Protein chains: 2
Amino acid sequence: IAKEVAKLLEMKAQLGGDEGKHKFVLKTPKGTRDYSPKQMAIRERVFNAIITCFKRHGAEVIDTPVFELKETLTGKYGEDSKLIYDLKDQGGELLSLRYDLTVPFARYLAMNKITNIKRYHIAKVYRRDNPAMTRGRYREFYQCDFDIAGQFDPMIPDAECLKIVHEILSDLQLGDFLIKVNDRRILDGMFAVCGVPDSKFRTICSSVDKLDKMPWEEVKSEMVGEKGLSLEAADHIGEFVQLHGGLDLIEQLLQDPKLSQNKLAKEGLGDMKLLFEYLTLFGITGQISFDLSLARGLDYYTGVIFEAVLLQQENDHVEEPVSVGSVAGGGRYDGLVGMFDPKGRKVPCVGVSIGIERIFSILEQRVEASEEKIRTTETQVLVASAQKKLLEERLKLISELWNAGIKAEVLYKKNPKLLNQLQYCEDTGIPLVAIVGEQELKDGVIKLRVVATREEVNVRRENLVEEIRMRTSQ
Amino acid sequence: IAKEVAKLLEMKAQLGGDEGKHKFVLKTPKGTRDYSPKQMAIRERVFNAIITCFKRHGAEVIDTPVFELKETLTGKYGEDSKLIYDLKDQGGELLSLRYDLTVPFARYLAMNKITNIKRYHIAKVYRRDNPAMTRGRYREFYQCDFDIAGQFDPMIPDAECLKIVHEILSDLQLGDFLIKVNDRRILDGMFAVCGVPDSKFRTICSSVDKLDKMPWEEVKSEMVGEKGLSLEAADHIGEFVQLHGGLDLIEQLLQDPKLSQNKLAKEGLGDMKLLFEYLTLFGITGQISFDLSLARGLDYYTGVIFEAVLLQQENDHVEEPVSVGSVAGGGRYDGLVGMFDPKGRKVPCVGVSIGIERIFSILEQRVEASEEKIRTTETQVLVASAQKKLLEERLKLISELWNAGIKAEVLYKKNPKLLNQLQYCEDTGIPLVAIVGEQELKDGVIKLRVVATREEVNVRRENLVEEIRMRTSQ
């Protein structure tokens, strides 16, 4: 103890300067959080649903380092590059924390000359954003990515990505949702038709991307005021971005005299039509909307883009519903791998990223609102004793159970009271208690108690494992 | 394409300076690696074995951010602090990547005022060490930690930690292993008895810690030459550190006229005796050795310490066996949480860390050496077609299978050859093929082919899901 106190005082002195009163700040870094066991239990459910879906679609899994060479990330994220976390130059390579899982995936493909893979990757990514944690936005957060790389016939992998989003959002029972779909080629064709100069395509695209958070009038004034677009062009865009629909809208635009003359737009619309045919076969067009206002922020998309949003529930019992943005998004990026290949060889890719943190926020709030009790362990049985001086017998028994694969706990006390042992089961949801007693030991039995019903039966020791398995299977 | 080329040229120009010939380095940062699907499949097996064991012992799970406030890590790791990765000061808080999972765990307990928890945590940690990657040493690597925090009767949680190490190393079938056990209090008592001045306890302890890599003569000359210990004291230590054994050695040292007079050593030996009694009840003393040369590097240990090593196999068919160090280690750290608590309130803790990367290296090498083919997906069935123009029928069928929870794939080609589809199954280990054909469609059946035996049966479409489930269950 003396040594510990000395150490503490030394620490205080180190930190505290003259007065030794420096306040040690006990917190996680801004925009990050710990996950408690209860939160982890909810999160595991969500991960399981997502991984199960990815595996159902035949995906392999890879992992990459949490940091990359700084130059690997350079020039991939447009305006968002300022949000990248850099590591301190401590001698050696210059490193940055990954910003997403897509660029590391493209680097992985180019580095290993892989031209054909279907993989998922679930890992944390890092953005020095202004966190809005109540809305599920953090500086450290998980992404769950599924991507298909390879040269294939058009729109078949793209349709599968949308099917995956549909399956996951349905499985998680998050309520009604809508998956908006568009194509960068249609957007670019639309910009051309509206009279946007080529050099302004990307920046006007960024403005369109803000339509989910800002009204059209504000976006328009940004285009005209800040970005120097003509009022006429902006108004023309304004007409297009109101449009959303299905196959009918695609047909209508394919007939549009101007748009149908634009090569890019025509290509994009043709593929969009094909996509909708495949989505019809999958039976999911009811939740899909071809939406000309969808633009997506990232630079690297080259074809189809999509984003899933949850629709506000009318019968929402939650008092202050979490304001959630998109819960999934993705698209086609046929040029990214080529940016890493020394000879610029391209590997066409399409992928989807599930916005797990927002989904998690919703489910966490739902659990809070309900009375549902979440178990944070899977323990099947507590090994307890009715009398004193039975620690050794408890340890012997629990060792037998562990060796047989039974999930078992014991209180770390020499002589715990039976009541405290039963209370522990109540608190943690352990369904069974195996009670060691002197008489039972003589008789070669263990008393098995069902916590919920208080039923007690004597089970022969050699049958105990089987009995516990039977009573906790389902 | 033109736009992509322009982008590429722009990139090249940015990177390349005058000549546009800058070589873009395509690699992961020093000391890190990607995991391929095959490596991930092996790693998943190992993780599953470890997590199953942790859950069998009733552990909850938590997660903490990958970086911490720099000051959270300050003063916890002694000489190793120089290996901590710092983030660049980009304005805001000063951050460092976590060095282990123990200090974040202690910070978590103090911050949330938790005095009682049994949790596991599996996550990456970061050390700017000189990597020796062939021996499974990296700058980014996983740790699998299990810890028990709380005020309990002595040595019961400590014994459970050793039982866990024993279970995991047995489950993974890594061959013979030995778990060395010692106690910091016994070491300190030993140093006192040998005439080491109090002020040199920690630094002499660091020297002893090198005994697994250096012969005694070198360690001795470090103690005497570099650290200024008397030759007499060093020789005295030299006698002690040769000792290893079981209960008999504990009894012998408890009788040692000098050591038994030292309060710390006596406490430590008493607890060691109790620990061995519990380990006897668990039936695992055959793989446990009380070893006075075990010291462990980290500053924060206060009681029992332990480390598991694999024993070289005699009948090792591997030509160049991987040289592995310890595969698990841990101990008691009763002071660490108190270092974070504003009032210095202590929470006694004991825990174990599984050295997953070394275990993984061994298993990976074993798989390489064997002919074992590792599947990297779980796909149950490939939806194929025998004739052309059946893409739509394939997509309809696979959609039905996905919706029924069947793991299914389809080739992303409009008209793939049957042979290519069968070859894909051979390559990836898919056991079944559901073949759509024109005649079968008319008859309302699907031809189900077993890849291994080439057996083919017609299954009515409404029974297909059940048939696939039956044939791929177990």
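Here the Cβ of each residue, glycine as well, is placed from N, Cα and C on the backbone.
Please treat TrEMBL annotations as automatic predictions, because they have not gone through curation.
The domain 'Aminoacyl-transfer RNA synthetases class-II family profile' annotation in TrEMBL covers B:31-363.
Positions annotated as L-histidine binding site by TrEMBL: B:Asp100, B:Leu101, B:Thr102, B:Arg127, B:Gln143, B:Asp147, B:Arg296, B:Tyr300, B:Tyr301. Taking the Cβ of B:Arg296 (L-histidine binding site) as centre and 10 Å as the limit, one finds 22 other Cβ atoms among all the protein chains shown.
If you count neighbouring Cβ atoms within 10 Å for each of the binding-site residues B:Thr102, B:Gln143, the highest count belongs to B:Thr102. Among the residues the record lists as binding L-histidine, namely B:Asp100, B:Leu101, B:Thr102, B:Arg127, B:Gln143, B:Asp147, B:Arg296, B:Tyr300, B:Tyr301, the two farthest apart have Cα atoms separated by 21 Å. When pLDDT values are averaged over the domain 'Aminoacyl-transfer RNA synthetases class-II family profile' (B:31-363), the model yields 92. The Cβ neighbour count for B:Tyr301 (L-histidine binding site), using a 10 Å radius and every protein chain shown, is 24. The Cβ neighbour count for B:Asp100 (L-histidine binding site), using a 10 Å radius over every protein chain in view, is 19.
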